[in-house]
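Structure record follows, encoded as structure tokens.
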Amino acid sequence: MATVLSLHDRGILTAVNSGASSLSFVGSGFIVLCYSLFKELRKFSFKLVFYLSLSDMLCSFFNMVGDPSKGFFCYAQGYTTHFFCVASFLWTTTIAFTLHRTVVRHKTDVEDLEAVFHLYVWGTSLVMTVIRSIGNDHTHLGAWCWAQTGRTGKAVHFITFYVPLWGAILYNGFTYFQVIRMLNNATRMAVGISDRAYQFDSRTDTKALNRWGYYPLILIGSWAFGTINRIHDFIEPGHKIFWLTFLDVGTAGLMGLFNSIAYGLNASVRRAISERLELFWPERLKRWFPNSSRHRNQQQQSELVSLKVQDQQ
């Protein structure tokens, strides 16, 4: 028995999609703005985060367009959303690759690979988007021009988006596992002959290592429900599950926000913002927080993503 979404259900999906995408747009746009304003952030490691945030921002922008009418705008939204969402999770693989090449393989040539990264990310995104046009039959599901009604189109959509997505998830997970394992082993070997200051540094580094372990979970949390929904829609195309579609739309729309928090709001960004804010703080507030500078220095030690890579270059 066929089950279709009602107008009320579609209205809810539209609101959820617009709200989640708006949060991601603001979060990723904030990281893009920080990179543009603060010169000290314009280092290679954070440049990759900038490209990730830029892709998330554009993906969120086109995703929150709403419910465009059928025709050119529907096709344009579907293809641009596909292109920039693919680019987003591909940029996470370049960050994982850079960290692995620097920490595990002890290579110092990652900056020379920037052109290769661009060719890989934008080229792959373009190829996946073009291939997606095979068997294309776009329809707007109340909130976006993302779904396709043709069986061939659904299969091609899954192959050109969800297959590389889960490939990126597996690669990121394996890469971060190797990096964390290596640094943990190095920490255990050094802690026996280190002083208390180094032990403090190792505890700070451990917090950053634990944070790396959550990076692959961002993509899993953002797209797990979408993957299940696509598989279910392929097997039973006439039966729509509202709660599954609700979770699909909501979690996918929040991917940019999750990435901006995990990758972008690191100690370097917080320190740059804090230094600017102190310029406008009244003297009375500065006397209330005499240890703020010392706290920023402690945060700086935990910034492995942007500093540990550059220290080895």
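Cβ from N, Cα, C; glycine included.
As the structure is a computational prediction, the values presented were derived from the model and not from experiment.
TrEMBL annotations:
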| type | residues | note |
| --- | --- | --- |
| TRANSMEM | 12-36 | transmembrane segment |
| DOMAIN | 13-267 | domain 'G-protein coupled receptors family 2 profile 2' |
| TRANSMEM | 48-66 | transmembrane segment |
| TRANSMEM | 78-103 | transmembrane segment |
| TRANSMEM | 115-135 | transmembrane segment |
| TRANSMEM | 155-179 | transmembrane segment |
| TRANSMEM | 212-229 | transmembrane segment |
| TRANSMEM | 241-265 | transmembrane segment |
| REGION | 292-313 | region 'Disordered' |
Item checked: Recorded stretch, among 12-36, 48-66, 78-103, 115-135, 212-229, maximising Cβ pairs under 8 Å relative to the transmembrane segment (155-179) -> 78-103
Margin query: Can you work out whether the transmembrane segment (241-265) touches the transmembrane segment (115-135), with the criterion being 3+ CB pairs under 8 Å where the paired residues are 6 or more apart along the chain?
Written below: no
Check: Per-residue pLDDT averaged over the domain 'G-protein coupled receptors family 2 profile 2' (13-267) comes to what?
Finding: 83
Next item on the list: Would you mind listing the long-range same-chain contacts of the transmembrane segment (78-103), meaning Cβ under 8 Å and 6+ residues beyond its ends?
Entry: 44-45, 48-49, 51-52, 55-56, 58-59, 62-63, 109-110, 113, 117, 120-122, 124-126, 128-129, 132-133, 138, 144-146, 160-161, 164-165, 168-169, 171-172, 175-176, 178-179, 182-183, 212, 215, 218-219, 255-256, 259, 263, 305, 308-309, 312-313
Next item on the list: State the non-local partners of the transmembrane segment (115-135) in its own chain: residues 6+ outside its ends, Cβ under 8 Å from one of its Cβ atoms.
Entry: 48, 51, 55, 79, 82-84, 86-87, 90-91, 94, 148, 150-153, 155-157, 159-161, 164
